[in-house]
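Going by Swiss-Prot, these are the annotated features:
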SIGNAL    1-25  signal peptide
DOMAIN    35-112  domain 'Inhibitor I9'
DOMAIN    117-579  domain 'Peptidase S8'
ACT_SITE  145  active site, charge relay system
CARBOHYD  176  N-linked glycosylation site
ACT_SITE  200  active site, charge relay system
CARBOHYD  215  N-linked glycosylation site
CARBOHYD  223  N-linked glycosylation site
DOMAIN    355-437  domain 'PA'
ACT_SITE  518  active site, charge relay system
CARBOHYD  555  N-linked glycosylation site
CARBOHYD  602  N-linked glycosylation site
CARBOHYD  638  N-linked glycosylation site
CARBOHYD  646  N-linked glycosylation site
CARBOHYD  656  N-linked glycosylation site
């Protein structure tokens, strides 16, 4: 999710946040009609079944009207069964009780949640990186987002042959929208076209699969080659967001993309609220994608660092948190006395080091009674005549204030760990440095300063989890660890739409900088596609396992739950290692059915979701789903406990290999962990062997999870799985 209207609650970040807004309503008689999604599971296998006719018959039956014109909004008929309709509350209740209907839920509205990052992860340009060009060219990434700018050089088809034969999609991008042999498909689900008006969709698509484009920068900042993980792959774009991202549009995109023939789906969209799987459009669509061999990669969200803020919770999703790479952008402030301070900003304005007078917001108040609010640069409290031509100093910063008050630049206190783009030169300083500016301002008769153009700095402490990245634990399935993985989401330079100005004016740029889990999500999706180019027959769960078990381990950068596995899952994605994991944890569709039964879904609901006769005679507790990580929530603290995890691994490394287990306790952990058997001898490829992990302790810390890592090693491969045991009651943070 990026920030700037998509998993983004921040000024210039786009992340696709799923906001629950009011649903569409049409007045009819004494009851309002609202738009509802009627989900009916998989399509029946009968040759004579016509989905739309069935959907119309249902509407006629419940509406009890001679005409139902305008009632049916859309039908899902390609990859799963369902429809969207305008219903009264009583009609909704009747539909929900009908045979064959899994769930009926309101059509919510969403908003969107953004290269050095690939070099940082070892996926470098040129001959040093192993590639499988022919398979990569046959790989199709489906991008569910706000559209795309098709003319971007990142999506040029120079050197590309025709689309893969498996492609069954179309180019329905609208008027003056042209696809090519790189951008092979486009659809949109609202009036208009598939063009991107915010820059978010263009940005995410180029991160995952954009061409290598040399000499790109944001006004000279971050100059280099921008590229995706799999630049030879194809892109199909599904514009599900046009202002908001509606549930019905997302389900339509899944319905189309599955039938179109995509290999990976990246969706930097999410909700700020948690819903059960049968009412979550991303979970529903991704389940059907998984059953057809397609992995869905989803942004974790940008509502951190609160615990239990993550909403991408289904185990068949690869849920991606956001972390730093080894590059960030800074904007220095040089005070009149020569002192230099380093702040955060993506500042493309070059004032050539010229110093301008400083004015503190409080000193520019319209009146004495407004001095307090002027400290925060509240617009209605500032006298524009006292601000014009000066550098405005604010306790906090509202991006448009300094611009509208005609300041030449701005300095403000900013404790965040990410930089924003603004419409004039700014620098956000940490508290101590900001206090230095105030002290200098008060001590000088004519205080002045210069705000310098941003520059890149590189450092060795990456990766670190970012504060805005949504955290676990999982409040739907407490024994499934979320997020799964983390990837770069800080200040990512990628392609931009020429309909979208980073300054919210007419200054359009071809490449821009964004931050958020919207940016980390396509990084992970690109890695998934990269892995698939070497293992085209691997299932979604095998690809997911390879990414998770080869991840770089992460260390705590903060205290509390916000800096544990609930922040970063298995660790930071490692593209090269993920192509050769040694062992994988595979989860079949049947396993997921047993998992849903173990969650007390009744067999009728599971059957309707799966389209198969499911008796629920087999149930898997979430703790024993063959997941690459292991997590258990216990009741109470300071108790003795024993928990077990049953797992099965498949050999994808080499035949005649012996894996020995090793357990590494994390700092402060008092867990006792036993693995049985402790040695796995694999004679052949694709051989499966099972083991049990038993975890015990005499007490648990009530404020922190206890964790360890299980590592299976044959001397070449190190297959690592986090083990997390925790207590405490968690609820989703308030969205207010």
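Any Cβ shown, glycine's included, is placed from N, Cα and C.
Locations of recorded Swiss-Prot features on the structure.
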residue	record	CB count, 10 Å
145	active site, charge relay system	33
176	N-linked glycosylation site	8
200	active site, charge relay system	39
215	N-linked glycosylation site	8
223	N-linked glycosylation site	13
518	active site, charge relay system	42
602	N-linked glycosylation site	12
646	N-linked glycosylation site	15
656	N-linked glycosylation site	10
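Nearest by CA distance to residue 145 (active site, charge relay system), out of the recorded positions 215, 223, 518, is 518. The CA atom of residue 656 (N-linked glycosylation site) is located 43 Å away from the CA atom of residue 602 (N-linked glycosylation site). Taking CA atoms as the reference points, residue 215 (N-linked glycosylation site) and residue 518 (active site, charge relay system) are 24 Å apart. If you compare Cα positions, residue 518 (active site, charge relay system) sits closest to 200 out of the recorded positions 176, 200, 223, 602, 646.
In this structure the C-alpha atoms belonging to residue 602 (N-linked glycosylation site) and residue 646 (N-linked glycosylation site) are separated by 24 Å. The two recorded residues, residue 176 (N-linked glycosylation site) and residue 200 (active site, charge relay system), have Cα atoms 20 Å apart.
DSSP gives residue 223 (N-linked glycosylation site) a strand state. Per DSSP, the domain 'PA' (355-437) is made up of 32 helix, 21 strand, 30 coil.
With respect to their backbone Cα atoms, residue 646 (N-linked glycosylation site) and residue 200 (active site, charge relay system) stand 41 Å from each other. If you measure from the Cα atom of residue 200 (active site, charge relay system) to that of residue 223 (N-linked glycosylation site), you get 20 Å. Each residue in the domain 'Inhibitor I9' (35-112) has a pLDDT score, and their mean in this model is 84.
Under DSSP, residue 215 (N-linked glycosylation site) is assigned to a strand (E or B) in the three-state scheme.
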